[in-house]
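Quick notes on the structure that follows.
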Amino acid sequence: EYPLHRHVSGFTSSLRTSSAEAYVPTSVDLPNGLRRPHQKPAILRKISAAQQLSASEVVTHLGQTVVLASGTLSVLLHCEAVGNPKPTISWAKNGEEVKYNDRILLQPDDSLQILAPVEADVGFYACNASSALGSDTVSIAVTLAGKPLIKASRTTVINTESPAVTVDIGSTVKTIQRANITISCQVAGVPEAEVTWFKNKVKLSSAHHRHDGLLLIANVSLSDQGLYSCKAANLRGEVTESSQLLVLEPPRPLPYLEDLTAILSSAETGTRSVLTSPSGTKMTVSPGGSVLIGCAVDGHPTPNITWLYSGEPLSLRHRLLAAGRILQILNVSDAPDGEFSCLAQNEAGSLTQKTSLAIQEYRWSVDKLMACSASCGHKGVQLPQLRCFLDGAEVNISHCKEKPKPALQPIACNRRDCPSRWMVTSWSPCTRSCGGGIQMRRVTCQRLTAKGSSVPMSNEACAQVSKRPVDTQNCNRQPCVEWVASSWGQCNGPCIGPRLAVQHRQIFCQTKDGTSVSSDQCSALPRPLSTQNCWTDVCGVHWRVSLWTVCTATCGNYGFQSRRVDCVHVRTNKPVLEHHCSWRPRPVNWQRCNITPCENGKLMRGGEAVWGSGGERRQSCLSEMQHCTPC
């Protein structure tokens, strides 16, 4: 019995099933009443040379080499197998099932016949005998006289369990470490070919070889990875086939993850980190915070990592860092319960690591009392101090605002008689508002009892404890002040209307005895006005305008006219200074006029056109015009 190994594609040339895989009876009844024991399939190997029945027909058994000649018209390949129950026969060429047609025939005795063989029929033909007890395969080479022929396979073999595997050259082999890998290089050729092995194009020593073109790679490790080539050469030429050996290492946990340390150093303050493990880890985190979860695994090839939450794909807010090896949960409050896991997978196997996050809740604490509100008497109480805690540490009280506050019960404290002490009443009102007055209050010696009553005591009892407070004091010692105004000045200020002007006076702050002081000392008193309106004949004025002068031109763009504007007294009609009339807008004293285009190039001055000396009209007459500013 051979160990099991898995073929991804192609034809299995050396697979034998284990007798433990299926139940079969131990014997079969014969017609004469005897019982024949079961037998696994076995193909008969005959080492006799191929039988040349004629120049054109070749008959041979398996295990031989058939060399086609130019006159060969038929090749018959016999396959005889024994076994109980009778095995089923099938044929393959170069690892692929033979497709029968009118030239390639399957005979009733399970022989394979090739009619009119051509160069495309060259290859390795394998007969497979199989039953419920297993299978057996033997090959025969059909070749042309010339360069050698190598039986090659294009299968991919993945071995994750077996300690020993045998494959044909040309296969891709992916295996776990410490397995024994045998690569078969079956060669046919006339003349006989010599086989040479290479690893990564470097010739291997004979110590690696085994008989019949087998290469054994024992106790495979990562250093054995590479491209193994078999070269068959004879006098007619050479041919090479290669197999790629890849060593698999299933995912395994690592004790640390360097990327996690680097990312954590640049993360926000308060970000926590934890590594997953096969048995599971746990970490307590603050609500609303961020956490980095690392999946520290190794393997060959590098495992693919899939993150899950409670066994399902992630749906909460997250980021994948370091090629998926680090999962950042942006807000742990999104995941109140459940388990995070990372599934690491490669061709050699898989590994699941996990961690659980426990969110630490904010809670109120009332285990500490405030200071007593009184040192003696009957009103002293202590209230429990309300504090907010997270994971045993006190935090800002605002974090617990969503939590219901516990009921606070005041506790009586310092309920005892007080020592004798002075008791005072409030001060009486001051006897004067300024200039110095007196306030008084009552001072007595009393003692407050634990029941809340006040007991009068002698002054001597309080004097032993403290000095007697004063019962009188001076008040409102600031001087008495007032605003004083001078007489109004003449009504000759600037005119603000018809016969209306402004007059002024001085305002002083002084004491009752006539001493001038700073105005700030009178700031609390209402301040008298320092200006007022008054009537005066001087402001009985108005603007007087004359008629407009004749326009300086009858057409064009430069005509203007002016008039006289004076400020005159209403009663005397005589001009006065213009600022007396400034309370009304001054009328304009010049304006443009006759702004219309001139006909036939005429320029009119006082109603006359300007002509040249020869009777022609002057086209440049416009340049003779001048402007002046009206007076």
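Every residue gets a Cβ built from N, Cα and C, even glycine.
Since the structure is predicted, the reported quantities are computational estimates derived from the model, not experimental observations.
Annotated in TrEMBL:
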DOMAIN    41-143  domain 'Ig-like'
DOMAIN    163-246  domain 'Ig-like'
DOMAIN    278-358  domain 'Ig-like'
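DSSP places the residues of the domain 'Ig-like' (163-246) in helix, strand and coil in these numbers: 6 helix, 51 strand, 27 coil. Assigned with DSSP, the residues of the domain 'Ig-like' (41-143) fall into helix, strand and coil as follows: 3 helix, 57 strand, 43 coil. DSSP places the residues of the domain 'Ig-like' (278-358) in helix, strand and coil in these numbers: 3 helix, 47 strand, 31 coil.
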